[in-house]
Amino acid sequence: MISPAWSLFLIGTKIGLFFQVAPLSVVAKSCPSVCRCDAGFIYCNDRSLTSIPVGIPEDATTLYLQNNQINNVGIPSDLKNLLKVQRIYLYHNSLDEFPTNLPKYVKELHLQENNIRTITYDSLSKIPYLEELHLDDNSVSAVSIEEGAFRDSNYLRLLFLSRNHLSTIPGGLPRTIEELRLDDNRISTISSPSLHGLTSLKRLVLDGNLLNNHGLGDKVFFNLVNLTELSLVRNSLTAAPVNLPGTSLRKLYLQDNHINRVPPNAFSYLRQLYRLDMSNNNLSNLPQGIFDDLDNITQLILRNNPWYCGCKMKWVRDWLQSLPVKVNVRGLMCQAPEKVRGMAIKDLSAELFDCKDSGIVSTIQITTAIPNTAYPAQGQWPAPVTKQPDIKNPKLIKDQRTTGSPSRKTILITVKSVTPDTIHISWRLALPMTALRLSWLKLGHSPAFGSITETIVTGERSEYLVTALEPESPYRVCMVPMETSNLYLFDETPVCIETQTAPLRMYNPTTTLNREQEKEPYKNPNLPLAAIIGGAVALVSIALLALVCWYVHRNGSLFSRNCAYSKGRRRKDDYAEAGTKKDNSILEIRETSFQMLPISNEPISKEEFVIHTIFPPNGMNLYKNNLSESSSNRSYRDSGIPDSDHSHS
């Protein structure tokens, strides 16, 4: 049985322990003075910190430490005791090594924009539950990653190593990785073992490296059975890669390479692919049937390629016309031959492909235009057209009309130049149409991708005003009917016409700018008689005035004899005027005196010569230093010329 005294002792002990533990609990939940804490989120970012502050609450889950100056020494050892922290943002700091003393259960670590050079097993093994590792914009190289550094990172799903110094893909990556970003490195070769075993990889980004077809190993991507997105943008490929994983690949990006051919089996079995981008390459044609296995394709981007619309591309026209409405194809615009430059491949008729076995004869007719002097209603203002290559023998016909075959829906086009940079397009339709596609491009310059300008006009309209064109330049204008489903009619041929904008001198020949731009100076043989007479009178007047001025200047000394240059007459200009008069005397300077001697024997008038003191410029001292003990009666400037104030006359 416990005595009352012992019971009181135990109660007092418990109370004392409570008051001792309570302050520790309060301290544990306190927030560092330089940070802001909000329900597990600790905001210590953008504070110019050099170390992680102490006293972070134990219930913290996310640490925002970015945009500081924290270095490796500034990471305290007690940081690893924060067992609830799952996300740490340490990007844009001063780390030069992979940080240690991190919480064990961290899942997301942002270390981009530091100067980290090495990745070691010791640093990664202490955070085995890491799922996302961001190491973009550091100095990691292939040799600085320790072999087996990731062998305990069994939960790693995202690894970002963009903009580092990698020359190859790091080996020994965990099988759990789902997204791997290696863009903007120096990778030139990828061997099959590099990606071996990454069966969970879904997204692989290799943009901006040094990869070519020789640097890609055979079937290097074939075993990536779960890969859904592959990006090889901005590399040096000359052919589309083959042996791609066909079971899951949905997006393939190949733009900005040097691809000039596509192997016939490049896209075989890619039945899940729905987006393919091969823009900005050197493709001129495509092998027939290259897209046959693309059952789910919905976005095909082929912009900025020098497509040659010859007989080899006729199958592409047929394939485009058979596509359903949901398929969006962009960039199949002819760049050659000359007669179809700037036209969409799907708009071409069969005879325009110049197939030798084709017996189709063109039914496009060109008739003389009927001038239309009526000014058009307010039109639209399209974007400027990119310049096109020179045409050796252009046959440009102004204000002409073009019609289609009588068996087709006839369109009669009339084009008239309104101003040097504006043309008026009008048309008449034989049958009602829902909409028409109107396109125009400039001829006569080097080929440029995406050169044609297009717009859709409704069937109710009958005219269009095109502005912002170049004066005195040839243009091709085409129209083709469209249906409401946005698909071209299979039996419609584009109706085209060539015209030329008016020269500038037809509208404003008197401005200086236009005269400078004209090849020959502006001439007007019909000058008014009054203008000729006025010009002659002006020339005679100018000649007489010049003669009078010359005579006054030549005989100015005669007038000077009747004038006395005294102190009361424009004192400030005496020296300036004296410098312009003819002087017939010589100033002789002897040892301590000077004398004016006339050249001729004519007597010198006393009042005709007056000597004035010439005031020196600012900063020049003409006075003798009173402190000097020299006995000379002359003081010198820097140039050694005797000072006139101390000369004897």
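Every residue, even glycine, has its Cβ placed from backbone N, Cα and C.
Annotated features, as they stand in Swiss-Prot:
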type	residues	note
SIGNAL	1-28	signal peptide
DISULFID	CYS31-CYS37	disulfide bond
DISULFID	CYS35-CYS44	disulfide bond
REPEAT	58-82	repeat 'LRR 1'
REPEAT	83-105	repeat 'LRR 2'
REPEAT	224-246	repeat 'LRR 8'
DISULFID	CYS309-CYS334	disulfide bond
DOMAIN	405-504	domain 'Fibronectin type-III'
TRANSMEM	529-549	transmembrane segment
REGION	629-649	region 'Disordered'
If you draw a 10 Å sphere around the Cβ of CYS35 (disulfide bond), how many other Cβ atoms fall inside it, taking every protein chain shown into account?
21
Around CYS37 (disulfide bond), which of the listed disulfide-bonded residues (CYS44, CYS309, CYS334) come within 10 Å, judging by Cα atoms?
CYS44
Between the disulfide-bonded residues CYS44, CYS309, whose Cβ has more other Cβ atoms within 10 Å than any of the rest?
CYS309
Hey, what's the Cβ neighbour count for CYS31 (disulfide bond) at 10 Å?
17
Find, for the listed disulfide-bonded residues CYS37, CYS334, the residue with the lowest Cβ contact count at a 10 Å cut-off, counting only other Cβ atoms.
CYS37
Compute the average pLDDT of the predicted model within the repeat 'LRR 2' (83-105).
94
Per DSSP, what is the residue tally for the repeat 'LRR 2' (83-105) in helix, strand and coil?
0 helix, 3 strand, 20 coil
About how far apart, in whole Å, are the alpha carbons (Cα) of CYS31 (disulfide bond) and CYS44 (disulfide bond)?
10
In the repeat 'LRR 1' (58-82), how many residues does DSSP call helix, how many strand, and how many coil?
8 helix, 3 strand, 14 coil
